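The region 'Large ATPase domain (RuvB-L)' annotation in Swiss-Prot covers 1-183. The annotation ATP binding site is assigned in Swiss-Prot to 23, 64, 67, 68, 69, 130, 131, 132, 173, 183, 220. As annotated by Swiss-Prot, Mg(2+) binding site applies to 68. Here Swiss-Prot flags 184-254 as region 'Small ATPAse domain (RuvB-S)', drawing on sequence analysis. What Swiss-Prot records for 257-354 is region 'Head domain (RuvB-H)', and it gives sequence analysis as the kind of evidence. According to Swiss-Prot, the feature DNA binding site maps to 312, 317, an assignment based on sequence analysis.
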């Protein structure tokens, strides 16, 4: 994985096996998300006492926070099997019907990116979630017939990074909805120490703190940075991940103290140096950094906005005062602070000018 996507919250095919090796297996091993963890524990324990599958579960939140891990944990806590698929992989209702009819009693069906499931398949899923039955249409035209098929009672765990794209009928069929939040630096340090033990990586407390501060509040990024720092420590140091080793390694990979990579800094630098801090339109900003507008909007902006370095305004993107200082630039007098004239109220009435 290159430095440009080292801090991406999305997982690549090449790192799935490595990521799985440090994934928590049980709810007690899952770090942080105390509210969600407690609620989920009540749901699962209640289902086990009754001897019936729990309500269908919807997990929402940014990528890399543990939605897939929680889906596997649900199956482990219930002592059942899990079937894993994704919304884009289910193109036809027949694909989904084949999966549903192959489930055993009490099994967990995990659909990642459930908001991207095809509409015909989604409509088939409604009856399966509510009545544990699917109607498979055989034939076409006036001669088509619907054959009802029973489905074993199961639990659907859906994961989405964009809950707003779920249709109302789909959202309403989930009996338990949980939103995962970004991790605190302290929680990420705990997670890094656990991952280091599993991977056999010697790490100091200040080394874990240094990595956690650059991980954007995301466990997947924290574990990825740990593996890259481990490589540096083994090749160019004594094998121990210390603060100094982590700083040197992440400098090589162009990840700065705030977790910004090359593209993030390019966006801020263009805003400040080329457009005097903005406002500037998204398309113009993308051209300035040599990227597609959707790359800037979907890859860079979410973290820059959350970090308080960039603001989206009706007139365009604006670099905040924190962005200027992070780049080591001094904003012109009056750019920020009490000397800035207040924004005009759209509905204010000004006296007529002579």
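The backbone N, Cα and C atoms fix where each Cβ goes, and this holds for glycine too.
Overlay of Swiss-Prot annotations on the structure.
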residue	record	Cβ contacts under 8 Å, 6 or more apart
23	ATP binding site	68, 69, 72
67	ATP binding site	59, 60, 61, 112, 159, 180
131	ATP binding site	none
173	ATP binding site	56, 126, 129, 130
312	DNA binding site	301, 305, 318
317	DNA binding site	271, 278, 279, 280, 281, 282, 285, 301, 310, 311
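The average pLDDT for the region 'Small ATPAse domain (RuvB-S)' (184-254) in the predicted structure is 95. Secondary structure from DSSP puts residue 312 (DNA binding site) in a beta strand.
Secondary structure at residue 317 (DNA binding site), as computed by DSSP, is strand.
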